[in-house]
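Right, one structure below, let's go through it.
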Amino acid sequence: MLNERAPLVLCAEDHEELRRDLCDELREAGYRVVEASDGEEALAHLKAMPDVILCDITMPRLNGYSLLEQVRNGFPELADTPFIFLTALSDRFDIIEGKRLGADDYLVKPIDYDLLLATLEARLRQVSRMRDKSTRELDHLRQGIHHLRSEISEHAFAAAKSALDLMAAGVVLLDNRGQPLLINRAALRLNLDKPPLNGVPSLEGISDTSSQQLHQAVRRNLVANRLSAESTDCLRLSRLGGHSDLMLFICSLANGAPNADSPAVAVMLIDPNQRVQLPEPLLAELFGFTPTEATIATHLAEGQRKEDIAELLGVSATTVAFHLRNLFQKTDTRRQAELIAVILAGSMSLSIQS
């Protein structure tokens with residue numbers, strides 16, 4: 001019984017008796033063999049991915065030269081497959097022509113079977129050495145790229161942290177287990193120094209209910225990240241001691257890469273008592289808002305409800321809703337949470353506190 005992992009030889013020879021003898025010798029030597037009586041039939045057998053091709057030159061329908069040319073030009077996956085001509089033509093010109101087209105060797109008829117087997121073994125060893133060398137070089141290249149990515153990631157991460165430390169909003173990046181990868185200064189001031197997936201409040205001064213809301217929102221966004229889906233949560237957490245409510249925006253980073261070193265969820269914390277606002281005229285210029293739209297956008301970003309904004313501005317809720325539709329259109333958003341996230345991302349100012 002032939003070994004299924006034995007090298008496969010495609011033998012293309014139009015002379016039936018010679019082809020039968022060649023295939024018998026090859027099988028006896030332990031090779032697997034697929035036969036072809038002409039070039040067209042051999043072409044159809046290339047899908048079997050032979051390890052060696054033995055080919056007569058003078059065959060009907062498609063001769064050996066034409067088959068060789070098609071193999072080398074149209075089958076890149078067979079680029080390193082040895083192609084050996086079987087020929088009665090020992091003329092120097094014929095040999096040069098075959099070499100020019102990419103033939104690896106010649107065996108002159110009548111075939112010396114010992115020389116045939118020795119040639120096959122030598123060519124297969126050569127291919128094996130080439131593939132081993134390529135594999136080693138590829139492994140070195142992968143290692144180099146991995147190290148380069150690590151160095152780039154470290155530099156990029158340090159640069160990102162420096163930039164985020166300048167922001168007035170608290171920013172926390174969580175990995176795919178909910179563990180913090182990065183906590184900026186503003187978040188540290190809010191004492192967010194524990195992963196939100198702990199079953200206890202991870203923010204000082206918030207109620208148990210608020211802590212549970214935070215826990216559940218982070219879980220939802222972690223699941224969305226694992227599914228490479230987009231998800232956004234907007235939370236308003238009540239704080240003890242008469243402090244203003246804390247605004248949180250939690251979003252999945254749908255990168256589809258379950259890498260423990262990659263951010264999976266981003267948490268943005270807005271403390272109305274500490275936040276430095278961007279002037280409304282600059283916000284209007286940034287997004288093309290009217291003055292009224294910029295005012296409403298600012299109040300929304302501060303955590304004000306629509307009815308509170310209407311009362312504050314002395315207008316009806318219908319008027320606020322009208323301006324809100326314009327804000328959605330100009331920021332290409334559909335939900336209020338998305339709108340606020342876009343406004344905060346665009347208007348994030350530098351923190352004036354060290």
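Positions of Cβ are set from backbone N, Cα and C atoms, glycine also.
Taken from TrEMBL, the feature domain 'Response regulatory' covers 8-124. As annotated by TrEMBL, domain 'HTH luxR-type' applies to 282-347. The feature 4-aspartylphosphate is assigned by TrEMBL to Asp56.
Asp56 (4-aspartylphosphate) falls within a strand when secondary structure is assigned with DSSP. Assigned with DSSP, the residues of the domain 'Response regulatory' (8-124) fall into helix, strand and coil as follows: 59 helix, 24 strand, 34 coil. In terms of DSSP secondary structure, the domain 'HTH luxR-type' (282-347) contains 52 helix, 0 strand, 14 coil.
Within 10 Å of the Cβ of the residue listed as '4-aspartylphosphate' there are 26 other Cβ atoms, across all protein chains.
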